[in-house]
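Here the structure comes first, spelled out in structure tokens, and everything after it is commentary.
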Amino acid sequence: MKSPFAPHLFDNVIAQSNRDRCCSIANRWLTARWMLVFFWLTIGCAAMVSADESNEESFDFFEARIRPVLIKHCYECHAEDSEDLGGSLRLDVKDGWEVGGDSGPAIRPGDPAASELMAAIRYESSEMPPSGKLPDHVVRDFEKWIRDGAADPRLMDEEEQLTSSQPKSFDWEQARQFWAFQPPRASESPVAFDSDSAIDAYLQRRLDAEGLTATPIASPSVRLRRLAFDLTGLPPDPETLRQFQADPSDAHWRRLVDRYLASTQFAEHWARHWMDVARYADSNGSDFNATHHDAWRYRDYLVRSFANDMPIDRMIREQIAGDLMPASSDEDRRDKLVATTFLMIGTKMLSERNKTKLRMDVVDEQLDTVGRAFLGMTFGCARCHDHKFDPITTRDYYAMAGIFRSTRTLHGESQQYVSTWKKTPLPISKKHKESIREHEKSLQGLDQEIKAVEAELKVLAEKTELEGITIDDVDAVREGHWVESTYKSGFVGKGYVHDENRNKGEASIRFAAVLPNAGRYELRVHYNSSGNRASNLPIVVQLNDETHNLVLNQTVPPTTGTYSVLKEFDCEAETRSQVTLSNRGTDGYVIADAVQWVQVDGEKDQGESDAAIEQSIAMRTTLTQTLKQLKSQRADLVANAPPPVPTAMALADLPIDEQEDCPIHIRGEVSNLGDIVPRGIPQVFSESTTAFEPLEGSGRLELAQWLTDPDHPLTARVSVNRIWMHLMGEGLVRTVDNFGVRGEKPTHPELLDALTIDFVRNGWRQKRLIRNIVCSDAYSRSMVSDDDPRVSLDPENRLRGRAVRRRIPAEAIRDAMLVAAGTLDPSGRENLMDSYATLVSQNNANSKATTKFGLDDPKRTIYLPLIRSEVPPLLANLDAADPDLLVGKRPTTNVPAQALTLIGSPEVRRWAMQTTKRMMKETADDTQRVRWACAVLFSRDPRPVDEQILHAWLESDVAKAMSSDEERYREWIAAMFASTEFRFLD
Amino acid sequence: MKLNRRDCLVQSTWTTGALAVTASAMPASNVWANDSGVQTPVQHHAAKAKRVIFLFMHGGPSHVDTFDYKPRLIADNGKDLPFELPPQISAKPTLLASPWKWSQHGEAGLWATDLLPEMNKHLDSLCVVRSMHTRGQSHGQAVGMVNTGSDNFVRPSVGAWISYALGAGHPDLPAHVAIAPATAHGGPRNYGAAFLPAKHQATVVGKNGQIGDGKIAYLDAAEGYQFDLVNQINRGHVQSAGRDRATDGAIEAVDLANRMRGTAPEVMDLSEETEATKKLYGIDEKTTDSFGRSCLMARRLAESGVRFITVSSGQVWDQHGNLKNGHQKNAAKTDLPIAGLFADLKQRGLWEDTLVVWGGEFGRTPVVQGSNGRDHNPQGFSMVLGGGGIRGGITYGETDDYGYYAVRDRVHMHDLHATMLHQLGIDHECLTYPYAGRDFRLTDVHGRVVGEIVES
């Protein structure tokens, strides 16, 4: 696509393009005008015809049956004096329904079926009137009235002109004059940004103009603490502090800046800033808190990108369309796929049953995020109506919505009605691929062998066990409480029953059978043994009128396979047999599986039978051993499997035939569709075409390229402004996520533009910009008390004549406590969500989320799981970004809960104790302790008041009553953790 | 009464402006601003109620087994529903009559089953809205709707909006408390502040329908000397490095936490109550103890100045099967404590200015799911309101002959919210907060005050 900003670069093109534009606008305007005339003519004719044909009768019908209903049920919201004209539709005048509202003309005379009004009062579309459906006979009246031509005598005053709300038009020329839509302008006297003083020159100009004096440069300790926390999210180590205090030169400062910028901690801290805007989370949150198993890869992508100082424009492109961009290597491909996680990790109502709506909700979330994150524009409003403040129309919205709707975000269901996404396999090395294939092959081979042996065993079991007459537990008559089970393998039929070792004397089970032949039978009882079984199971054998009492010990294994032969009996032909197992007086679990009668006398060749049995037992033993061996081989194989194919939470374009432009959803309703809008960019950004042409794929690539066009008026400005804010406390535009009409204007527009131009010219490199800012005097100025007159002259510090105290982010507060405790583990963590299944917590009242790696984990906070709905109170109360929302600028709140968690939470108490122990080891007296604590916790030298506070505390009755020094000093350290100085940068 | 649009606009400029100032320019710690320590409540018109207690029956109790009497459903038991089921429903079209007995109650003769016999005794002072409808066929969306007015986006909860508008009635207590809220279906989102200032999120006691130890987290963990020590260090800091709004706020928050530590445990200590009162709520009876404690806590908080209190039953009312036993069990746990709360509010003179709302995120289908269950029904269901200027002994609106769709005088969840705010003296169209480039409202662009159910 040709850059829509090109005209601003080349003057000779401007003339040309302006001429083109004028022509094309004129043409379009004429066309539109002509169509309008045509429209009015048609309507006019129709009206005339119906007026001609209408007679008194149809007006009477209107007056008698229609007008009263309209007055009673519709005028409240659909008349000239309605407080809020519903759907922009008026029903108190004929032109009202003719022109129609948001959904177009409300009535098509003669055609009730095509009339929106009919659908509404039938409750088929918008359900009007909302207070309750009109009675059927009234609905029929309306149908008749419309079919008969909708005669309506309520004409409008001539001077009044009703226009449809649909094609609301902006004055684009004027809209484009707004500062944020103008390209950054180079200043008349550009200052080279390679010098440290460039920023100060711009700031000084305004200070001079307002007659304000800037505060002096702050003390080395204040400056260094600021720098260390701002660049790395960690305090400076005391040794660095000592050295800088000894030599606070500019050269030393620059060396420190470079050292910090080169550190991994820098990349981690700044990745976290980006994650705030990317609403990063390791779970979906919302109704169905699904685990984001692969989100951490995106987090690591950010850390890597910031460490390598990847150009911000490239990061933006990759995060919107990395999957569609060419890759130079497998590693590059992996990064580009992982980058698109950005669009995937918003919170979604996965269980929404209306999937059409869900799809548009997801699109809305993505569009809103892209708009605010990169453009500082709030597109969300335009989902239902033209933006009230910014020149963004619903048309613009759906032009962009089509891009994301042609993209696959969700895919399939994890359970009925609950949507999920597809894990995208990442490219792996050839060797890795081969080892996986090899592994799968071996596994398959083993599984086949195992299956074969198991089949053989089954046949064998059936052959040996099912001779004679077998009565399974399911065919037996049970009395009392029995529980079915398959817990221990090696049973007859589908399972066995046991008495749960309860209700002794109440449960019995009777196995009945008729023994057909006269002769000798052996009685086999099938069971499985274990130490908790009954050793004294009474068995009553009833053969016709004879009764035999036997006892079985189920704690010992059956004598043969799964059964024991209890006894042999001589029987007559047709003997009625009953074998009853009961749990009366038993001392353990009673198991009943099956009873088997096998004839063992002359009828069969005893010797052969015995031999056969012996043989099969031998065979079974062999097979069982083989099976055991195979299974252990399999276990080994699985344990030594090559790592699985890594997956990413990446998105992809839909198949070509499903990519399509999106219709306008009137009032945002998925069931109320209007014009189809070609995919493209908002009209305010282009004076020529807004549609992507030609378009290959969803349009994300085109969108990404447009966003990062060097001449785009917003993207670079928004990025520069965010970076400025992280270092200076407030953005040059203070509403960092809103550069629109309702946002604030820049306090120093020339500076913002100069920084932006320098940023883009030097390849969108973040580190260069950060270096320039922190090397300015403005960054290093001291703060003053609010009582100082300079504060009342510029209470909000808009002129940047001083520093303003800032709160350290929640993560840095925790990390700093770990540093003090000496327990911080600086390494990262992969696969941190592996211990979670589909959901991080179940949707029921008894669910307990099993949070792994909680606050007491020793790693930096960025490497802890960030589970939506379960952000640890310590972090949430210190204003960690709410992962449900895009947070460009974190609020600084002071709710009582914050004080309570800082003072009372067990983690903080523990870190305070660890810090105390470390301090006690490294110091010998209170003077040293105060020095140590001030250096480690506040990064400064002690003041007299510090030692006074400690002494007063140690002298207090409460402290004296404590049993150990450790406890006493712990309270002091804990109070320092909870203090303002610990969590604020002066 | 209804404001005309012009009044509303004039007031809105003033009130939202004033609120915006409270929110941004004043130190955030000034939670309960002004000299008396209590925020001056926003009043667009005279308030009937000073506070709300929302008895949230999570899971969705069945209206056709409680308050929505449908003779046709009884007559046609076992027959098929004569119209189509809504989409995405797992129930069969077979009608299932209530297994409970219907009768009329009180002077007004409102119909109810014998499932909630204790609540029935108060029907003369309650209003049953029988034509509720909402968005969301699944719990998540519908729970979001009832608690935040949004089924799909992250929005401030009803309690957060009310806290934002009214502030707390006590300088040492929060304005918004959630008792035993669910961790599922959005969890904290349902009592959260979203983009409103963080102080408006609920202070939480207990979870998932269980009040637990009935205490605020970490409140008991700290001792007075710890606050003193922190204060000394903070004073040392500002004396040496200068004071500013941020540290003023942080220091004040420590004070406030300390005061809350002094006030809240006493307010939340149920042991002060008489045996008679405990008995009224079913405390110390096995079945009713936990929910009884929740209800009694709600009353103590209400009379101490808390503005919005949600008491959650836990997600127990979701009887897709086992309707008879499940609902009976839930009724046994909650009915007596709720009636006890009503009686107690009345005897203490709190009923008149306390708006009580009882209901779930949706109702249940008149058709059967499985053999003895009912599926979700956001298309039509009942909620019960009382106190706080609500007319008693009336029903409002109707569902169809079988209790499936709300058909007459329909009341959307947005309308309920508008009405709740109205009773508190707040115009739902004027209570706004600027975020992401526009002004947000609890009721989005919807909502009608149901004037028919409120006392004039």
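Residue numbering: from 1, along the chain as shown.
Cβ from N, Cα, C; glycine included.
For the ranges A:79-113, A:429-463, the feature annotated in TrEMBL as coiled coil maps to A:429-463. Remote same-chain partners of the coiled coil (A:429-463), defined as residues 6 or more beyond its termini with a Cβ less than 8 Å from a stretch Cβ, comprise 330, 561, 616, 619-620, 623-624, 626-627, 630-631, 633-634, 637-638, 641-645. Helix, strand and coil content of the domain 'Golvesin/Xly CBD-like' (A:472-597), in residues and according to DSSP, is 3 helix, 66 strand, 57 coil. Residue counts for the domain 'Cytochrome C Planctomycete-type' (A:74-132) under DSSP (helix as H, G, I; strand as E, B; rest coil) come to 23 helix, 3 strand, 33 coil. Mean pLDDT, taken over the domain 'DUF1549' (A:199-408), works out to 95 on the 0 to 100 scale.
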